[in-house]
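Just below is one structure, and these are the notes that go with it.
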Amino acid sequence: MSDCIFCNIINKNSPADILHEDDDFIVVKDIKPTAPVHLLIIPKEHIDSINHIEKKHRELIGDMFLLAKKTAHDYEISEGYKLAFNTGRKGGQLIDHLHLHLMGGWNEEQK
Ligand code: 5GP
Ligand code: ZN
């Protein structure tokens, strides 16, 4: 999808600091972080949202959580973090390419 920000990042048509890349995913820093550590786990396949996942995506979605767990470990926030899929405009979704927010790094009193 040429008008999709995340597809453009995945295809290297837009610049981004890619922290991790494998056959199925990229991980980037959110450009407007709302947590001390705010990363986005993004599948390379363009899927609009959780409303658009199908049975064929079961393994991909499972792998997304495993990558989130590994990334939390790598960025030393495994002690506590939040994972979120904003879904639909009323759910706060701004970019219609599935992504999992990984947020953490707060002190005890900040969360
Ligand atoms: P959503 O609101 O769709 O769940 O989340 C989209 C997220 O992507 C937002 O937190 C926003 O700050 C982030 N974002 C928007 N454009 C870009 C971009 O070009 N690069 C990166 N790394 N993050 C972006
Ligand atoms: Zn896309």
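Glycine is treated like the rest: Cβ placed from N, Cα and C.
Note: TrEMBL annotation is automatic and uncurated.
From the options 17-21, 42-46, 97-101, the stretch TrEMBL describes as motif 'Histidine triad motif' is 97-101. The C-beta environment of H99 (active site, tele-AMP-histidine intermediate), restricted to residues of the same chain at least 6 apart in sequence and closer than 8 Å, consists of F6, L40, I41, I42, P43, F85.
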